[in-house]
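Pulled from TrEMBL, these are the features on record:
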ACT_SITE  44  active site, proton acceptor
BINDING   52, 55, 77, 82  Zn(2+) binding site
COMPBIAS  360-375  compositional bias 'Basic residues'
DOMAIN    1-177  domain 'Deacetylase sirtuin-type'
REGION    350-375  region 'Disordered'
C-alpha cells in the first residue's frame, strides 16, 4: 500500500510543484498512488507491469507477474493487429537499464530546479549519478535518508531521518493536505445461458473473473457466497477456489436475483461487499459503456465522504444474443487510507493510521554494483 510519502508526492504533482518521479523500486506503488505514467520513470521495472515488445503497449495488472528478467509471460497483446507475447518489465542484475526510462530521467534531472533524493542510498550506478545532472544547470540537490550517502557532499541540504516525517513537515509548511489513498479494483461477472434440449429449462453458468483474462488471478477476492432472491427453491453456494464458477439449471420462465457476497483477501480495507445480478432468460439486456473515469471519480468521492470502502458500480456491460451471455465489468473500492497528521516539537503523531517509512531502493545484492546502460 502507498505510504504517506507516496500520497504526498501525488498532492505535490497535482499542485504543479512536482514535475517528475524517478523510482528504483519495482513495487509499482507510485503508479498505484496516482502519479501519471508520463511523469514517472521506473528504472528497474514494475512487477505489476507487462509490455508488448512489438507495439510497445503497457498493461498494468492488479496481480504480481510470475516472471522477472524481461521474460515472456503467459499473456498476449490485446491489440487485434498485434497479438505478440507480452514480457515482464523487472530487470535482473545482468539486464541493462531501459533507455526510454533512463533518457526521461536524465532529461528531467537536467531541467530540474531541485532534485529530492528520498530514501535511497545512492550507491547503484548509473542511477546514483542522475541527481548530479541538475547541478550543471544551476539546480540543487536535497537528500533525505537515514544513513549517509556517497553524494551527501554534493547536496545543498542533507537530512538523516525518516522520509515520512520530513515530508509531513514539508506539507505542513506548504499548508497542503496529503490526499487519501483510494484503491479501486475491477472484476467481471460472466453470465452464460442456454436452453435445454427439451426447451423447458435454462442451463446457466456464472463466473467471477479478472478483467485481465479468464486465466488471470483475482488477488483481492478470497471467496464468493452465492444466494438467490427466492432462496427456498435454490441452494446457496460458496465458491472458495479460483476460478469462481457456478453452474445451475432453472425453469425457463423463472426470474430472480443472484446475490454475490464477495469476501475480500487480507490487506483489503473491508471484509466484504454484495452485488446483485438480475436473471431473466426471456428478457433481452442491452450492452452499454459508461464514462469509466467519471464513474471512478464518483466512487472516490463517496469513499472519502463515507471514510470506508466497499462501494461498487457497474462500468460496462457487453451482451451476446446467441448463445446468450452478458459480461459485466464492476468497479469496487477495496481500500481507503487517510493520512491525518500533526507535528509537535519535530515529532509526527498519526491521528488515524499507523505510519511506515518509505521503502528504500531495490534490494542491493552487492554494494555499489554497477548496471549496464543499453544503447
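Each Cβ is built from the backbone N, Cα and C atoms, and glycine gets one as well.
Note that TrEMBL annotation is computational and uncurated.
Just so it is clear, the model here is predicted, and its values are computed rather than measured.
Separation of the C-alpha atoms of residue 77 (Zn(2+) binding site) and residue 44 (active site, proton acceptor): 22 Å, rounded to the nearest whole number.
In terms of C-alpha distance, the listed binding-site residues 52, 55, 82 place 52 closest to residue 44 (active site, proton acceptor).
Excluding the listed site residues 52, 55, 77, 82, the same chain places 53, 54, 56, 57, 76, 78, 79, 83, 84, 86 with Cβ atoms within 8 Å of the centre of the Zn(2+) site Cβ atoms.
For the domain 'Deacetylase sirtuin-type' (1-177), the predicted model reports an average pLDDT of 96. The most crowded of the binding-site residues listed here (77, 82) is 77, judged by how many other CB atoms sit within 10 Å of its own CB.
Counting other Cβ atoms within 10 Å of each Cβ, the lowest count among the binding-site residues 52, 55 belongs to 55.
Cβ neighbour count for residue 44 (active site, proton acceptor) (all protein chains, 10 Å cutoff from its Cβ): 23.
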